[in-house]
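Copied over from Swiss-Prot, here are the features:
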type	residues	note
BINDING	Gly233, Gly235, Lys236, Thr237	ATP binding site
COMPBIAS	169-181	compositional bias 'Low complexity'
REGION	1-71	region 'Domain I, interacts with DnaA modulators'
REGION	71-188	region 'Domain II'
REGION	160-182	region 'Disordered'
REGION	189-405	region 'Domain III, AAA+ region'
REGION	406-525	region 'Domain IV, binds dsDNA'
Amino acid sequence: MNDFWQHCSALLERELTPQQYVTWIKPLAPVAFDASANTLSIAAPNRFKLDWVKSQFSGRISDLARDFWNAPIEVQFVLDPKAGMRSAAAHAAPAAQRAPLTPNGPAATVAAIAANLAANAGAAPSAPADVPMTASAAAAHHLNADDADIDLPSLPAHEAAAGRRTWRPGPGAAPANGGEADSMYERSKLNPVLTFDNFVTGKANQLARAAAIQVADNPGISYNPLFLYGGVGLGKTHLIHAIGNQLLLDKAGARIRYIHAEQYVSDVVKAYQRKAFDDFKRYYHSLDLLLIDDIQFFSGKSRTQEEFFYAFEALVANKAQVIITSDTYPKEISGIDDRLISRFDSGLTVAIEPPELEMRVAILMRKAQSEGVNLSEDVAFFVAKHLRSNVRELEGALRKILAYSKFHGREISIELTKEALKDLLTVQNRQISVENIQKTVADFYNIKVADMYSKKRPANIARPRQIAMYLAKELTQKSLPEIGELFGGRDHTTVLHAVRKIADERSKDAQLNHELHVLEQTLKG
């Protein structure tokens with residue numbers, strides 16, 4: 001096995017650039033070879049490298065393995081943080097004793113976390129050295145007995161002895177194993193179903209997924225904060241839950257909280273009403289991972305923004321990870337304090353675009369498979385071609401198809417699909433949305449959908465944006481102010497200027513007229 005890897009590494013070093021070899025191949029290490037099953041296991045030090053090597057180099061490594069052993073070899077990639085050390089001692093533990101790396105489904109996720117908890121029973125959860133030990137990593141208590149909306153951590157024994165309020169487990173709480181894992185999900189508010197394993201990846205979200213995996217492997221180090229933005233139903237919430245679930249697997253006892261921005265606002269209000277800001281701060285400032293969804297809801301709420309600013313500063317200082325989502329680029333969120341915007345910009349900001357056709361097909365096929373249904377590619381392509389906006393719309397359409405098939409006792413076909421979705425397809429054909437126009441024009445001119453909302457003014461971005469505004473006025477019932485709002489909050493006079501400019505040029509420019517005709521036909525189906 002080691003002889004093969006030396007041979008393989010030498011060949012790859014000659015084939016790749018020095019940077020590629022050092023970045024992707026050198027950190028790998030062979031960990032097991034099963035001659036009876038013809039399988040070779042290769043370890044990568046983190047999930048980001050594992051996924052990239054698997055997608056880019058697995059074919060070449062498999063070919064080299066086949067040539068070396070004169071037999072087909074199945075190359076498997078596994079996660080091992082010690083892979084880069086290339087030490088036999090780092091891989092001495094039998095594979096059967098290692099915890100599963102990628103559990104299947106929520107039940108396996110809970111079971112894996114329960115196993116981690118059992119293995120670490122009696123040991124205090126690890127925490128960054130500079131996190132004050134005044135907050136426990138155990139669980140949460142309520143500000144008042146009648147208030148179940150603000151979950152705060154329990155206090156250490158010496159603080160409880162001093163007369164401070166302590167957390168008491170609710171009815172049915174279990175101290176260990178599966179019950180403890182369930183309790184961790186209740187405290188963190190994570191959805192165990194949303195993992196990296198069932199997140200469908202395509203061009204529209206591959207950068208966001210890669211960044212999310214890197215953050216999950218190196219929380220508080222790689223990109224802090226991580227800011228994901230994009231329209232509704234594109235997978236932002238799925239990705240941040242996946243990060244939290246991965247950290248729960250990797251670090252039993254991690255203090256994690258997922259919260260929607262509206263709930264955070266509510267928590268601030270209740271803490272203010274009950275004069276409980278000390279408890280509020282103690283909780284939010286002591287987390288290992290804070291996941292804030294839809295932060296645009298902070299707009300205009302100055303007290304909430306102030307408290308979040310202090311929490312953000314404390315968490316980053318303690319090397320805790322902060323992850324934020326929004327429906328738009330940070331600088332374009334109205335009503336948010338400039339100092340918060342600057343903090344958002346200090347990390348990594350990644351857009352998630354609407355899914356392309358192939359990705360929409362993959363989403364439908366994956367969802368159908370999870371429902372135990374064999375969906376043909378023809379049906380998946382038919383649905384994907386007609387529904388283009390977001391994942392939620394696709395999943396809703398699939399549910400209608402499955403229900404229609406079940407109620408009528410018929411196999412799923414394109415004909416049945418047309419019947420099941422006739423109302424939805426009629427609406428799609430009759431109504432062209434501004435969002436679809438933006439996506440179609442962005443695809444046509446090879447720019448990002450996010451550029452439609454941005455303040456960027458290069459000609460290769462400004463002109464497609466003007467064309468999209470023109471088409472929005474021509475093909476929808478939206479008013480000029482409404483169109484301007486959908487293009488990053490622009491004034492109606494900006495939209496009017498774009499409409500007049502493109503209309504005038506269309507009458508004189510045959511090439512532009514042809515492009516507009518193609519776009520119109522595409523949008524009208």
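Note that Cβ sites are derived from N, Cα and C of the backbone, with glycine treated the same way.
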Name the residue among the binding-site residues Gly233, Gly235 whose Cβ has the smallest number of other Cβ atoms within 10 Å. Gly233
Let me know how many other Cβ atoms fall within 10 Å of the Cβ of Thr237 (ATP binding site). 19
Close in space but at least six residues away in sequence, with Cβ under 8 Å from that of Lys236 (ATP binding site), the same-chain residues are Ala208, Leu228, Tyr229, Gly230, Asp293, Thr325, Ile352
For the region 'Domain I, interacts with DnaA modulators' (1-71), DSSP counts of helix, strand and coil? 44 helix, 12 strand, 15 coil
What other residues of this chain sit with their CB within 8 A of the center of the CB atoms of Gly233, Gly235, Lys236, Thr237, the recorded ATP site? Gly230, Val232, Leu234, His238, Leu239, Thr325, Ile352, Asn390, Val391
